[in-house]
Amino acid sequence: MKGALGMSKKVVLAYSGGLDTSIIIPWLKENYGYEVIAMAADLGQGEELEPLNEKAINTGATKIYIEDVKEEFVTEFIWPTLKAGAVYEGKYLLGTSFARPLIAKRLVEIARKEGAEAIAHGATGKGNDQVRFELTVKALAPDLKIVAPWREWDIRSREDAIDYAQARNIPVPVKKDRPYSMDRNLWHLSHEGADLESPWNEPQNDLFMICTPPEQAPDKPEYVEIEFEKGIPVKLNGEALGPVEMIEKLNAIAAAHGVGICDMVENRLVGMKSRGVYETPAGTVLYAAHRELEYLCLDRATMHYKEMVALRYAELVYDGVWYHPLRKAIDAFVDVTQETVTGLVRMKLFKGSVTPAGAKSPYSLYNEEFSTFGRDEVYNQKDAEGFINLFGLPMKVRALMEQKSGLK
């Protein structure tokens, strides 16, 4: 059977083995007659991928690709976002947001290889992920059809989805009495739904799967030293590490101290607010350490402008327009700012908090001879008078005008 473009009637599905994508395989076959090729991206979720080969085939897929993209995930998506200092709405470290463009990119590559006419995903019609998947496909392969079952079928809730799965003897890793929606990768673990849908409900300690609840964390702080080269972390406690290993090791250390828990109500791109609880231990430490190094190495004008750029960068990533020319242009600016962001940062981890405990850099702009409160021989305090007179001249001129005109 051939599609309109002459390709085999195949669809490549972004597959996780979770509830949504487990039921999408039979649904695509029943409603579209597609041959379903599943693709699961190994983003660092570990043992969750082990049973997917058998599960996807048993559910009706003809083939499954399990793609190890961890290295690319860190070097091409996480590090640029870290260097930019991009944080969405002051809290969210974008763990799901920048994973989706990578998954969609790989879907496109497999679709080309297999001669598929369509790509399918399990994102709901209420969320941001549908936008992130589909904008990436539009940017990289505008001719491919996109199938989004949650916008088409009669299933209206996770409970309906569980019923659909059970009717077809499809095992799913959720229970009806606790149907959290979770997304896990090397960078973070997110939790949404169930009792979290009320912002008044405090997350229970048994929710956390990575981080130790802060009140149960060790009573003694732990110090970590992170070395950066041009904004990229390269050593942890003096040990040179690759990008994936850096995050894995720091995750274990920081999570043990309850660092990295984020509970927030965020503004979704599609217009509604949602509540999520995120566990991002390594990311929380790396962002804080990177920022401390920038305090030393960036001048005032560059730092302040970069802060504005970081806000826009975070919006671009969150909104799913990773492949927009503006993000690439901002990357070029950020790379210039990071040329001197090289040095060593010491951070203290204690019961959920991460605080700076020292920083040094060969490119530090902090000069003790100028900054000291003690006696110095390099700064003439009399010079400040002329600076103040010139800097304050516009304010003085306006005040004189207001006095003369009676406005004051």
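Cβ coordinates are placed from backbone N, Cα and C, and glycine is handled just like the others.
As recorded in Swiss-Prot:
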type: BINDING; residues: ALA14, TYR15, SER16, GLY17, GLY18, LEU19, ASP20, THR21, SER22, ALA41, GLY122; note: ATP binding site
type: BINDING; residues: TYR92, SER97, ASN128, ARG132, SER181, SER190, GLU266, TYR278; note: L-citrulline binding site
type: BINDING; residues: THR124, ASN128, ASP129; note: L-aspartate binding site
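Shown on the structure are the features that Swiss-Prot records.
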residue : record                    : contacts (Cβ under 8 Å, 6+ apart)
ALA14   : ATP binding site          : THR21, MET39, ALA41, ILE103, ALA104, LEU107, ILE119, ALA120, HIS121, GLY122, PHE133
SER16   : ATP binding site          : ALA40, GLU48, GLY122
ASP20   : ATP binding site          : GLY122, THR124, TRP150, ALA161
SER22   : ATP binding site          : LYS55, THR59, ALA165, ILE170, PRO171, VAL172
TYR92   : L-citrulline binding site : CYS262, MET264, GLU266, GLY276, TYR278, ALA314, TYR318
SER97   : L-citrulline binding site : TYR88, ASN128, ARG132, VAL317, TYR318, GLY320
ASP129  : L-aspartate binding site  : THR96, ARG100, HIS121, ALA123
SER181  : L-citrulline binding site : ARG158, HIS191, GLU192, GLY193
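When the Cα atoms are compared, SER190 (L-citrulline binding site) and GLY18 (ATP binding site) turn out to be 14 Å apart. The record assigns TYR92, SER97, ASN128, ARG132, SER181, SER190, GLU266, TYR278 to the L-citrulline site; their largest pairwise CA distance measures 19 Å. The DSSP secondary structure for SER97 (L-citrulline binding site) is coil. Surrounding the centroid of the Cβ atoms of THR124, ASN128, ASP129, where the record places L-aspartate, the chain contributes additional residues within 8 Å, namely ALA123, LYS126, GLY127, GLN130, VAL131, ARG132, VAL270. Comment: ATP site residues ALA14, TYR15, SER16, GLY17, GLY18, LEU19, ASP20, THR21, SER22, ALA41, GLY122; largest CA to CA distance 16 Å, whole number.
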